[in-house]
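Here the structure is laid out as structure tokens; the discussion comes afterwards.
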Amino acid sequence: MGFEPRFHLQFIGVMVTGFGSAMFHGTLQHVYQQCDETPMVWAMLVWIYIVYNNEIEQIPVKHASTYVIAFLTTIGVIFTAIHAIYRFTTVFQVFFGVLAVLTCARLCMHYAEVKDQRARAVARSYVTSALIGFAFWMMDYHYCHTLRGLPVNPQGHAWWHIFMGVSSYHGPIFMQYVRMEQLKRKVRIHDTCLGIQTIVVEENGAPEKPKQL
């Protein structure tokens, strides 16, 4: 549909994170926890590039996009190496949180610029799903022993994964919509038979090959 490779990388990052998470939860070994956490950081670095792509393109420096990609890649490599050596968890959580916060202001601006109500609903789902998932995670993390005494365990950590899965899908879908509007393409949000939102780009002839990442 003419989407740049950065969107494909974002979805690949989410899938790799999913596999790493399954490996960790299936083994509870620390090395596989890193297979969960490290791809999360890489996916977030790609997400920053997606969200700020307009600003990156306007930097008055030749090949600015290439420099930004190199910078983000360097951050990812350094984090991967340090994380593999020291296996920290708190530093990962803080670093990931900082990266997530960096995208918030620009996402709010994208949201304000979009007028289509279905696209705006997808953006709201991206945020609310993440917040609800985080709340379930915190509840399960801090009150696990209390919750285990209930007749039915609410499985807060499982709900964290479900809601974060929804958020990780709706975020890129919204930014794909934003990108197509920027390119003056006719685009709409479409519900599949399973109720999952997807994006449909109405083509006028063959789609152009993306010229940049």
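Cβ coordinates are placed from backbone N, Cα and C, and glycine is handled just like the others.
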Given that TrEMBL records HIS157, HIS161 as binding Zn(2+), the matching residue among HIS8, HIS25 is HIS25
For HIS161 (Zn(2+) binding site), the three-state DSSP class is helix
Quick tally over 7-25, 31-52, 64-85, 91-109, 121-139 of CB pairs under 8 Å to the transmembrane segment (159-178) gives the top stretch as 121-139
Listed in sequence order, the residues of the same chain lying six or more positions from HIS161 (Zn(2+) binding site) whose CB sits under 8 Å from its CB are SER21, GLY133
Surrounding the recorded Zn(2+) site, with Cβ no more than 8 Å from the Cβ centroid of HIS25, HIS157, HIS161 and those residues left out, we find SER21, ALA158, TRP160
